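Report on the following structure.
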Amino acid sequence: MGKGFYISKPLGFVLFGLGAGAVLTIFALSVVYVQEKRKNEVNARDGTRIVTTAAPHRTSAPSNEAWDKYRLPDALLPEYYNVTLWPRLVPDEEGMYIFTGKSGVVFTCLKETNLILIHSNELNFTLTSEMHHAKLTGLGGTSAPAILETWFQTQTQFMVIQLKRKLQVGKSYWLYTEFHGELSDNLGGFYRSEYTENDVKKVVATTQMQPTAARNVFPCFDEPSMKAVFHLTLLHPPGTVALSNGMELENIVISVLQTRFEPTEKMSTYLLAFVVSEFTNIRSPPEANILIRIWGRREAIESCQGDYALNVTFPILKYLENYYNTTYPLSKSDQIALPDFAAGAMENWGLVTYRELSLFYDPKVSSNEDKEWVVTVITHELAHMWFGNLVTMRWWNDLWLNEGFASYVSYLAADYVEPTWNIKDLMVQQQVQKAFDVDSLVSSHPLSSREDEVITPDQIDQLFDTITYSKVFIMCQKQLEITLLSSVVFNTVYTDLWKKLQEVVDADSSIQLPASINEIMNRWILQMGFPVVTIDTRTGSITQQHFLIHPEAVVDKPSDYNYEWFVPITWLKSGSNMGQHWLLTKTASYEPMKTDTDWLLANLNVTGYYRVNYDPQNWERLLTQLNSDHKVIPVLNRGQIIDDAFNLARADIINITLALRTTKYLYEEKEYIPWESAVRNLEYFFLMFDRTEVYGPLQAQPLFDHFKDITSNWTQKPPRYMDQYNQINAVSMACKTGVKGCSELTRMWYRQWMKNPDTNPYGKCFSKYLEYSIDPNLIRKQDITYAIVYIADNVIGQPLVWDFVRANWEHITKDFDDGSFFSGGLINGITKKFSTEFELQQLQRFKEDIAASSFTFDMQAIERAIEQTKANIKWISENKAQVMNWLIEQSD
Ligand SMILES: *[C@@H]1O[C@H](CO)[C@@H](O)[C@H](O)[C@H]1NC(C)=O
Ligand SMILES: *[C@@H]1O[C@H](CO)[C@@H](O)[C@H](O)[C@H]1NC(C)=O
Ligand SMILES: *[C@@H]1O[C@H](CO)[C@@H](O)[C@H](O)[C@H]1NC(C)=O
Ligand SMILES: *[C@@H]1O[C@H](CO)[C@@H](O)[C@H](O)[C@H]1NC(C)=O
Ligand SMILES: *[C@@H]1O[C@H](CO)[C@@H](O)[C@H](O)[C@H]1NC(C)=O
Ligand SMILES: *[C@@H]1O[C@H](CO)[C@@H](O)[C@H](O)[C@H]1NC(C)=O
Ligand SMILES: *[C@@H]1O[C@H](CO)[C@@H](O)[C@H](O)[C@H]1NC(C)=O
Ligand SMILES: [Zn+2]
């Protein structure tokens with residue numbers, strides 16, 4: 001899924017390793033995929049109602065029968081489907097929204113079998129005249145075996161068709177069914193989204209298939225490598241428009257409208273999409289050789305919110321065509337913004353679906369960050385049109401290839417359309433540091449899983465589902481990428497890519513690597529985590545160690561590589577002397593690292609996926625350099641020094657006061673990246689201490705003054721994009737630490753904003769907002785957690801929210817049955833500041849109350865909150881005095 005399935009900003013990208021002539025560049029791409037937990041509808045209803053008779057449903061004990069295994073057998077291969085669907089946008093007499101469908105699939109028999117297994121879940125089938133749930137016909141003069149028996153295997157989500165005799169190898173057959181299903185509001189499969197326009201309720205029928213919901217819409221071979229062509233037809237009421245992956249070919253008016261679409265490319269089921277809506281669109285001018293349409297609610301489109309997306313899409317597609325050296329394979333590119341959407345966006349081939357926030361940009365109310373989000377989501381999804389859709393992972397365990405590659409390419413394409421933003425610098429900032437955060441826990445996991453470790457729909461969901469999810473991807477410089485992609489491995493596994501890379505490396509004598517691509521990469525993708533490299537400049541020794549943020553954490557997963565990596569170390573000595581060196585063992589000695597006068601800095605521009613520690617003397621020399629002339633050190637590394645230091649301190653590897661001292665030079669710093677790094681790391685201090693206590697060292701005054709200066713007394717936008725971001729840090733840090741003039745300024749801005757109805761859609765007080773948050777008519781389900789957690793972020797809001805949740809959790813759980821994500825994200829957001837015994841007791845009591853009730857709640861989330869609170873109490877007791885002493889010294 002795109003930034004897909006859960007929005008997630010893809011986070012984490014590392015470029016590592018420069019070959020001798022810099023001919024080969026290996027990028028380790030780390031992507032953290034933040035995502036909400038999607039409700040998984042595996043609990044199929046018992047007994048599916050068939051129009052005429054009840055369908056046999058079986059939930060047998062697990063056996064060795066083919067239908068009890070989750071993976072499809074390899075006996076049958078689909079070729080094409082003919083699917084007609086009719087979503088009803090008004091409820092039936094029982095109050096249910098449904099869709100009806102007719103579907104046929106042509107498949108070829110590859111291995112003799114008398115069994116047809118095809119995915120189907122929560123669909124009710126019409127019986128044929130022969131009293132079966134499907135009809136089988138032989139093609140090309142072949143006669144089809146008669147059906148012996150048909151049933152539904154609920155657990156594995158199969159329709160099972162037992163035949164009287166065997167299918168013939170090499171022959172093709174046509175399997176036809178008629179069925180209906182619910183057009184529910186659960187944001188998966190074929191679902192409905194609702195909104196009001198001019199006080200009239202409108203219903204949209206739309207889809208989200210990835211990863212395993214196509215089977216909830218029509219019977220299909222629902223695995224990514226089971227690619228086929230889809231001929232789709234939609235029936236829909238007059239006044240609505242129907243869209244799908246292919247272009248609309250014809251509209252016929254029967255009693256309803258019938259729209260037939262051009263056949264799709266040969267593609268995976270998870271990329272299918274259909275939408276029926278009253279949306280309107282804006283489109284590219286006729287001279288563009290690809291028809292580009294941006295669809296959405298009439299109001300949004302008419303108020304120009306789709307303009308930015310339309311402006312950037314054509315250049316992005318052109319950039320990507322050039323990048324992949326492959327023309328855009330479809331005749332059109334539709335992008336549609338849906339009022340209800342679980343993920344950030346979904347890369348359905350030819351019809352990309354978005355959450356409104358990921359496609360619409362309104363210059364009146366959207367921030368820079370919103371605009372950047374829009375452009376990076378669009379580039380991410382469009383990057384999938386080639387990598388992901390044209391070239392697809394063979395199975396879900398290699399999902400990281402799809403997502404890692406798309407995330408990486410999204411930055412290149414965004415940089416192309418917004419060249420003044422320096423967005424590639426942000427990539428390191430936004431991604432590497434966040435990837436480090438999740439990957440330094442013992443609960444992390446290797447990037448790549450074995451194919452047989454990801455089998456059930458639940459396990460597949462988990463891949464997107466892990467709250468954050470880190471990935472490493474390797475690529476070589478441009479010509480290598482092209483080699484990879486133009487070879488179009490139709491269904492890829494990562495080892496195919498390594499092979500291609502190795503061929504290129506072997507053919508080029510100027511590329512020197514210490515080991516094969518396979519050996520280098522296996523260490524990064526088959527074991528979790530990453531190293532901290534310690535350089536002792538007194539002796540020239542270099543050591544690597546698995547970096548774990550909790551010092552007492554115990555790793556209980558064995559690794560074939562013993563938690564050692566092949567680490568490409570780039571370094572800079574006193575600003576001039578540069579070099580690179582591969583660390584291939586746990587410890588090594590490397591003479592050029594030895595120095596007792598120069599400072600030495602490693603991991604230049606954070607191109608490697610590792611943290612760095614030094615001997616105390618070198619730390620002192622680096623600090624001296626930062627405090628005298630920080631500009632000698634590259635800006636990305638100034639951010640990284642701060643981030644490494646704070647994390648090494650949290651891991652008990654260096655002294656916390658050393659970490660705090662890396663922020664002292666910020667007095668002179670004007671750049672966004674180091675400031676952002678400091679702000680992020682000091683967040684924990686702001687959580688654990690009173691804001692006034694952290695006032696001393698932060699020195700936000702000079703930055704505030706600087707911005708006042710370059711904005712002509714806050715009347716203009718800072719000219720550079722990065723400065724526009726940093727202005728937010730300047731003002732928020734200044735106000736947090738009590739810089740004079742700051743609160744007056746922001747109060748004035750707030751008054752202006754409140755007065756302007758264009759920019760302020762709410763203008764409501766907090767507790768009202770909270771009440772709204774449990775009313776789905778006012779705030780959409782998808783946004784509730786955000787709404788509540790935002791309020792909890794506020795010092796005054798936090799206790800209100802905690803009381804509110806404790807008083808209303810039964811109601812919350814009952815009405816929003818989307819289970820664990822809702823309560824999990826919520827509990828974490830509300831309790832992160834907890835650091836006293838009293839708060840710990842409250843939490844424990846809350847846990848007992850819930851455990852005693854009959855409600856399902858994410859108990860693990862509560863356990864984690866209790867763990868975090870205990871860790872906070874411990875941190876305060878161990879560090880508070882030392883930190884306070886240091887802070888007091890600074891303010892003297
Ligand atoms: C399918 O049949 C089951 C069992 O009769 C019923 O509960 C369910 O509502 C039906 N679904 C639809 C969409 O009609
Ligand atoms: C499927 O639909 C296509 C396009 O409408 C048509 O040419 C083909 O004959 C159909 N196949 C079957 C088996 O009905
Ligand atoms: C889209 O492009 C047009 C023409 O260049 C420009 O006038 C308009 O401001 C752009 N809109 C946005 C939102 O970028
Ligand atoms: C791009 O593709 C064309 C045609 O497939 C091929 O001839 C050309 O060499 C490719 N260019 C690069 C840079 O690989
Ligand atoms: C580091 O990145 C900056 C841009 O932020 C670039 O100008 C510089 O050349 C890079 N340095 C190295 C050694 O790659
Ligand atoms: C950390 O440094 C401070 C000040 O230099 C010192 O007082 C303290 O003992 C050090 N703590 C540790 C654990 O080394
Ligand atoms: C800056 O703006 C504020 C508020 O508009 C005003 O009170 C102040 O006099 C201005 N200062 C300067 C130096 O222009
Ligand atoms: Zn994606």
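Just so it is clear, glycine is given a Cβ too, placed from its N, Cα and C backbone atoms.
The feature active site, proton acceptor is assigned by TrEMBL to E381.
The annotation Zn(2+) binding site is assigned in TrEMBL to H380, H384, E403. E403 (Zn(2+) binding site) falls within a helix when secondary structure is assigned with DSSP. Of all the Cβ atoms in the protein chains shown, 30 others lie within 10 Å of the Cβ of E403 (Zn(2+) binding site).
The annotation domain 'Aminopeptidase N-like N-terminal' is assigned in TrEMBL to 78-271.
Taken from TrEMBL, the feature domain 'Peptidase M1 membrane alanine aminopeptidase' applies to 308-524.
Sequence annotations record features per position, and here TrEMBL assigns domain 'ERAP1-like C-terminal' to 599-759 (among others).
The domain 'ERAP1-like C-terminal' feature in TrEMBL is assigned to 767-870 (among others).
TrEMBL lists Y469 with the feature site 'Transition state stabilizer'.
Feature annotation from TrEMBL assigns transmembrane segment to 12-34.
The local packing around E381 (active site, proton acceptor), expressed as other Cβ atoms within 10 Å of its Cβ over all shown chains, amounts to 29. With a cut-off of under 6 Å between the Cβ and any atom of ligand 7, the recorded positions H380, E381, H384, E403 reduce to an empty set. Annotated pair E381 (active site, proton acceptor) and E403 (Zn(2+) binding site), C-alpha to C-alpha distance, rounded: 10 Å.
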